[in-house]
Amino acid sequence: MVTATGRRRISVLGSTGSVGRSTMDLVERNPERFEVVALAGGANADLIAEQAKRTRAGFVAIADGAAWPALKAALAGTGIESAAGAEAVLEAARRDADWTMAAIVGAAGLAPTLTAVRQGRVIALANKESLVCAGDLFVAEARAAGATILPVDSEHNAIFQVFESDRRPGIEKIILTASGGPFRTLSREAMASKGLKDALAHPNWSMGPKISIDSATMMNKGLELIEAHHLFDMPEDRIDILVHPQSVVHSLVAYVDGSVLAQLGSPDMRTPIAYALAWPERMPTPTPRLDLAAVAQLSFEAPDPVRFPALRLAREALRAGGTAPVVLNAANEAAVAAFVERRIGFIEIAAVVEAVLEALPVAPVADIEAVLAVDRRAREEVEHWIGRHRGHAARVASVGAAD
Ligand SMILES: NC(=O)C1=CN([C@@H]2O[C@H](COP(=O)(O)OP(=O)(O)OC[C@H]3O[C@@H](n4cnc5c(N)ncnc54)[C@H](OP(=O)(O)O)[C@@H]3O)[C@@H](O)[C@H]2O)C=CC1
Ligand SMILES: CC(=O)[C@@H](O)[C@H](O)COP(=O)(O)O
Ligand SMILES: [Mn+2]
């Protein structure tokens, strides 16, 4: 997995995002360890060009064709190859890397991540939505290609670290910790008046907007439940969720003898990313060191599926199987986008997801084309719901629109 110069050949899909920037920070601090084969992003031409120039990347792909002139201009005279559009992002995923970070946000990451999986190398997986909407197909493709999936999501990385130390028979359950988000202690009524700025203000983690809003609804933990089911081949009823407001214990594994093993650390994604980057070794990071005396208290509480209905919806979707998780994920993405555009209010995010899950029948998922078709259908259904509730939705959205 290394070049003649001893460097690991890596690609980063979504290099301009929150996980992507943390990955590039570690890569740029360790030029002797990593050679950058390809970078891919959505629309941020200036940043991806700077990243490419600093790391002498081989190839740069940008999804938004309108951003390509700026990218080409920024790379002029460097000899770095670039291309634009969805096919260019797939090309970045096909380039000859030993290790690929999959950090594109949402279902837009599914095709590029699967393309990387099909190369049969190592995939550091941040893009949880691809496992949520196509988990069984994804795992089967990874197995067929001989790809290794390294979980990057902090909770799943924590469980993976525990399992790498001790995956003996006798696992009783896995326990995903959840911060509870910025509205952990609020009533439904209080949440209803919260706007975008409030929802983006995660108490512990600095992350992109979509996952930050998912944390506020706790849909993030619902998506992570489904992600854990596929990554660790664990049935839904053996995956617990535990609210832990400090985000220091990143997750736990309980064994049949009563032992519980956990991974702890400061809430900084560079630690799980570094674990994946250096795997099967470890590498140093600038993550602030955990000072438990300063943290002073670690607290835990049961989640509340009444105030946070997304938790219940995700469990029901996982139990229903087939297209239900596809619908859950796509409806959630579309509802979060509508909330960002101030077309619906905060508590309507879960309401519209529930309505779309009820409206669309559950069917088996045969292939990726079927996943993409159901994804499109669920997004249309969200628009129909918003259309039917336009007057009410706009009034609710306007309550939180002042921020
Ligand atoms: N942020 C975090 O700490 C964590 C994130 N995750 C997961 O990691 C993934 C990324 O999250 P995060 O980094 O926060 O998200 P961001 O919104 O910060 O970044 C998203 C990235 O995806 C790129 N992108 C968007 N659409 C496309 C597209 N069609 N083709 C190619 N690239 C595209 C963006 O490009 P551009 O900006 O140039 O438009 C950007 O690089 C998500 O699935 C999230 O759930 C998991 C655990 C923690
Ligand atoms: C960093 C990370 O992995 C996020 O998924 C984080 O866990 C979000 O926090 P919540 O626990 O609030 O969803
Ligand atoms: Mn997480």
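Cβ coordinates are placed from backbone N, Cα and C, and glycine is handled just like the others.
According to TrEMBL, the domain '1-deoxy-D-xylulose 5-phosphate reductoisomerase N-terminal' annotation covers 10-135. Across the range of the domain '1-deoxy-D-xylulose 5-phosphate reductoisomerase N-terminal' (10-135), the DSSP-based residue counts are 62 helix, 28 strand, 36 coil.
According to TrEMBL, the feature NADPH binding site maps to THR16, GLY17, SER18, VAL19, GLY42, ASN44, ASN127, GLU129, GLY208.
The feature 1-deoxy-D-xylulose 5-phosphate binding site is assigned by TrEMBL to LYS128, SER154, GLU155, SER179, HIS202, SER215, ASN220, LYS221, GLU224.
The domain '1-deoxy-D-xylulose 5-phosphate reductoisomerase C-terminal' annotation in TrEMBL covers 149-232. Helix first, then strand, then coil: DSSP counts for the domain '1-deoxy-D-xylulose 5-phosphate reductoisomerase C-terminal' (149-232) stand at 45 helix, 11 strand, 28 coil.
According to TrEMBL, the Mn(2+) binding site annotation covers ASP153, GLU155, GLU224. Around ASP153 (Mn(2+) binding site), taking its Cβ as the centre, 27 other Cβ atoms fall within 10 Å, counting all chains.
With DSSP states grouped into helix (H, G, I), strand (E, B) and coil, the domain 'DXP reductoisomerase C-terminal' (264-380) comes out at 67 helix, 2 strand, 48 coil. The feature domain 'DXP reductoisomerase C-terminal' is assigned by TrEMBL to 264-380.
In this structure, of the binding-site residues LYS128, HIS202, the smallest number of CB atoms within 10 A of the CB marks HIS202. Among the binding-site residues GLU155, HIS202, ASN220, GLU224, no residue has its Cβ under 6 Å from any atom of ligand 1. Within the same chain, residues at least 6 positions away in sequence whose Cβ sits under 8 Å from that of SER18 (NADPH binding site) are SER206, MET207, GLY208, ILE211, MET269. Close to the recorded Mn(2+) site, the chain also has LYS128, PRO151, SER154, HIS156, ASN157, LEU176, ASN220, LYS221, GLU227, ALA228, SER251: residues not among ASP153, GLU155, GLU224 whose Cβ is within 8 Å of the site's Cβ mean position. Contact annotation for binding-site residues (SER18, GLY42, ASN127, LYS128, HIS202, GLY208) versus ligand 3: none, no CB falling under 6 Å from a ligand atom. HIS202 (1-deoxy-D-xylulose 5-phosphate binding site) has ASP153 as its nearest neighbour among the binding-site residues THR16, GLY42, ASN127, ASP153, going by CA to CA distance. Here the domain '1-deoxy-D-xylulose 5-phosphate reductoisomerase C-terminal' (149-232) returns a mean pLDDT of 97 for the predicted model.
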